[in-house]
Amino acid sequence: MTAQDFVVKDIGLAAYGRKELDIAETEMPGLMACRKEFSSSQPLRGARISGSLHMTIQTAVLIETLKAIGADIRWSSSNIFSTQDHAAAAIAATGIPVFAVKGETLEEYWTYIDAIFQWPDGHPSNMILDDGADATNYILVGSRAEQNKDILSHPKTEEEEIFFKQIQKRMDATPGFFTRQRAAIKGVSEETTTGVNRLYQLQKEGLLPFPAINVNDSVTKSKFDNKYGCKESLVDGIRRGTDVMIAGKTAIVCGYGDVGKGSAASLSGAGARVKVTEIDPICALQAAMDGYEVVNLDDAASSADIIITTTGNKDVVRLDHMRQVKDMCILGNIGHFDNEIQVAALRNLPWTNIKPQVDMITFPDGKRIILLSEGRLLNLGNATGHPSFVMSASFTNQVLAQIELFTRAEHYTNEVTVLPKNLDEKVARLHLDRLGIKLTVLSEEQAAYIGVTPQGPYKPNHYRY
């Protein structure tokens with residue numbers, strides 16, 4: 001790495017970041033077990049990983065785990081507000097190129113995505129570790145643009161315009177770059193629901209040119225990170241952002257998937273009166289039987305003190321909803337992208353910045369709303385994201401997925417798959433001792449009776465936890 005081969009806010013924060021890293025390691029037993037298991041065999045030797053995932057302290061432990069088992073790495077954040085600057089500095093100080101600053105512009109964000117594919121020796125990456133599929137999309141859209149430049153001519157949003165400009169800039173600087181880079185990729189492991197949905201859409205359209213592992217739908221990711229992580233980090237973000245008393249307030253959670261379930265529990269645990277919106281009758285019934293009132297936002301927006309989106313969809317909270325809410329209603333999103341709330345429709349109104357990632361927007365009638373993190377992930381923009389322990393489970397899945405794709409690429413086709421059940425159970429097993437959990441062990445007779453082995457796997461792939 002050259003002296004300039006990183007972009008962080010302040011490299012002087014590295015010592016502070018290292019102290020927090022040391023604490024996080026004690027809460028991330030899965031990643032530490034991976035270092036112990038694979039340090040000798042070095043299964044990722046030769047892997048050149050372009051990583052795009054929130055540059056937090058927990059991610060720093062993931063990065064150093066990948067490095068410890070052989071990988072070369074270049075890293076950027078997957079959200080303009082989610083970087084913890086001391087974490088980025090700690091990683092950069094070790095010689096790993098990282099390009100991440102809290103509060104990036106969109107131009108900087110896409111410049112940094114490009115940078116994770118620009119190795120000093122000029123050779124391409126051969127692996128992607130992604131969160132939201134932006135890094136994957138950058139290479140795939142770029143390779144299509146090298147065949148047909150017209151696809152860059154009609155951006156639909158401001159961010160897409162900036163995205164297309166960065167692709168064009170790289171095409172001009174390095175002709176053929178995207179096509180060569182796409183051909184070199186062995187596989188991608190994807191962290192989040194939104195990114196997985198994008199990959200499945202690419203597969204459906206026949207546009208996925210390499211294997212992908214859906215880390216999000218590992219049970220030890222979606223049923224833990226998405227649920228229990230949000231349960232702790234949502235109210236943390238709201239409180240840090242607003243200092244508002246949550247108890248007694250009416251909160252509406254849009255969506256009751258795993259993230260919605262954790263978010264509703266988070267707000268309920270803080271004393272809020274929680275309502276839920278849903279499109280899916282199964283999830284709606286679950287919410288009702290968990291004790292929440294299931295409503296339509298068109299009818300219920302006027303009752304809300306807090307509205308949180310969790311869906312991964314667009315236009316969930318529209319301008320007409322925001323016109324109905326109470327004065328000083330808090331709006332926030334804990335889904336991946338910023339289009340769940342129609343933030344663009346608010347841009348022509350007066351904005352008052354209260355503090356970083358907290359804005360007050362005033363409507364013509366004088367009513368005000370508080371918007372957290374400009375509609376992006378509030379738990380990472382206004383707070384520090386999920387706790388280390390739950391992220392250890394998610395990131396252990398990422399390590400195992402990278403090893404699978406890099407060492408066993410010939411066993412995978414250009415489709416989206418999930419990790420095998422035995423590896424999912426392994427991830428859980430690695431986290432039991434830290435909580436003092438003692439498993440019951442099946443006898444041979446008991447195992448035979450239910451059709452499993454005493455060592456597992458214990459559930460069929462179709463089992464819903």
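Note: Cβ is positioned from N, Cα and C throughout, glycine not excepted.
Pulled from Swiss-Prot, these are the features on record:
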BINDING   Thr56, Asp131, Glu191, Lys221, Asp225  substrate binding site
BINDING   192-194, Asn226, 255-260, Glu278, Asn313, 334-336, Asn379  NAD(+) binding site
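Shown on the structure are the features that Swiss-Prot records.
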residue: Thr56; record: substrate binding site; Cβ within 10 Å: 24
residue: Asp131; record: substrate binding site; Cβ within 10 Å: 25
residue: Glu191; record: substrate binding site; Cβ within 10 Å: 27
residue: Thr192; record: NAD(+) binding site; Cβ within 10 Å: 28
residue: Thr194; record: NAD(+) binding site; Cβ within 10 Å: 20
residue: Lys221; record: substrate binding site; Cβ within 10 Å: 29
residue: Asp225; record: substrate binding site; Cβ within 10 Å: 27
residue: Gly257; record: NAD(+) binding site; Cβ within 10 Å: 20
residue: Val259; record: NAD(+) binding site; Cβ within 10 Å: 28
residue: Ile334; record: NAD(+) binding site; Cβ within 10 Å: 30
Cβ packing number for His336 (NAD(+) binding site), 10 Å threshold:
24
Provide the three-state secondary structure of Thr56 (substrate binding site) computed with DSSP.
coil
Distant-in-sequence Cβ neighbours of Glu278 (NAD(+) binding site), under 8 Å, six or more positions away:
Gly255, Tyr256, Gly260, Ala284, Ala287, Val294
Between Ile334 (NAD(+) binding site) and Glu191 (substrate binding site), the C-alpha gap once rounded to whole angstrom:
15
According to DSSP, which of helix, strand or coil covers Asp131 (substrate binding site)?
coil
Over all pairs in Thr56, Asp131, Glu191, Lys221, Asp225, the listed substrate binding residues, work out the largest Cα-Cα distance in Å.
17
Using DSSP and collapsing to three states, where does Lys221 (substrate binding site) fall: helix, strand or coil?
helix
At the level of the C-alpha atoms, what whole-angstrom distance separates Gly257 (NAD(+) binding site) and Asp225 (substrate binding site)?
13
Expressed to the nearest Å, what is the distance separating Thr194 (NAD(+) binding site) and Asp131 (substrate binding site) at their Cα atoms?
8
Cβ packing number for Gly255 (NAD(+) binding site), 10 Å threshold:
27
Taking Cα-Cα distance, which of the binding-site residues Thr192, Val259, His336 are within 10 Å of Lys221 (substrate binding site)?
Thr192
Please report how many Å separate the Cα atom of Thr192 (NAD(+) binding site) from that of Asp131 (substrate binding site), as a whole number.
6
Hey, does DSSP put Val259 (NAD(+) binding site) in a helix, a strand, or just coil?
helix
Integer Cα-Cα distance in angstrom, Val259 (NAD(+) binding site) to Asp131 (substrate binding site):
16
